[in-house]
Amino acid sequence: MASRLSGLFGNSRIAAGLLVNLLSSICIVFINKWIYVHYGFPNMTLTLIHFVVTWLGLYVCQKVDIFSPKSLQPTKIVLLALSFCGFVVFTNLSLQSNTIGTYQLAKAMTTPVIIVVQTLYYKKTFSTKIKLTVIPITLGVILNSYYDVRFNLLGMIFATLGVLVTSLYQVWVGAKQHELQVNSMQLLYYQAPMSSAFLLTLVPFFEPLSGVGGIFGPWSLPALAMVMTSGVIAFLVNLSIYWIIGNTSAVTYNMFGHFKFCITLLGGYILFQDPLSLHQGVGILCTLAGILAYTHFKLAEQEEGKSRLIQRP
């Protein structure tokens, strides 16, 4: 695994893409947390801004021939657009309500939930080794959450809903790409404006439109600048994810994700003085071990599958 990553960093073009993804993925977590803690900007409105900026960015990309849009029937992606809204809103609410450590570890539960969803509803089979990695991941998340001195029930409800909706979204993205024969950027190009329209109709019912904390409230220039910066970085995160997966593989992206996982946790404790107990430290190591084991076994199975295809007469 280490040799694969060192080989990737030897290619300057891919290294640049990984660096953009690293910086943008870490920055988006810290900037959003900063916006929630210091400005109290409404969550759904921030998500709506992310969607609009992402769509505008993709519009520019297709105009300069980075990708070619493909016409899709809106009815084919309605559920996908709704789940896109749900997973971003709930994960942002989790970030707003929890410490960065708890938020980050809760996201790790996406892998076990995807395994369960694909096993129960898509009849996909996983090896025993892959299934066993669910144990340390889940145990680590439980340990960290139980001993988090800033634990709150509402935050865990948001985190749980975020994991469930994110898992469904990731499964559906793969299924829709195969069904509609489109790549991720083509799918997101139609998803983003539809998701924006859904959120636009919901925002007035859940968030104030005016006054302190309202969408059109008396926000300072630094607050607005941070919000717009957050939107641009969200677009860079999405764009770099698709670029990395397109030029390497989804497995490589996940391997690189472990590095971001550790840096984000460390940054949370340094920048926001999130408390960390010994039990939480054990939980983090346990979850990280499970994630690394999952990636190692998944990579080995893919390599084995490729070698069988090559050897087949």
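In case you wondered, yes, glycine gets a Cβ from its N, Cα and C as well.
Marked as transmembrane segment by TrEMBL: 12-35, 41-61, 77-95, 101-122, 153-175, 187-206, 226-245, 252-272, 278-297. The domain 'Sugar phosphate transporter' annotation in TrEMBL covers 23-294.
Contact check: the transmembrane segment (12-35) against the transmembrane segment (153-175) gives fewer than three Cβ pairs closer than 8 Å, residues 6 or more apart, which falls short of the contact criterion.
Under the criterion of 3 or more C-beta pairs below 8 Å, with sequence separation of 6 or more, the transmembrane segment (153-175) and the transmembrane segment (226-245) do not qualify as touching, having fewer than 3 such pairs. Among the listed stretches 41-61, 77-95, 101-122, the one sharing the most Cβ pairs under 8 Å with the transmembrane segment (187-206) is 41-61. With a cut-off of 8 Å on Cβ pairs spaced 6 or more residues apart, the transmembrane segment (41-61) and the transmembrane segment (101-122) reach fewer than 3 such pairs and are scored as not touching.
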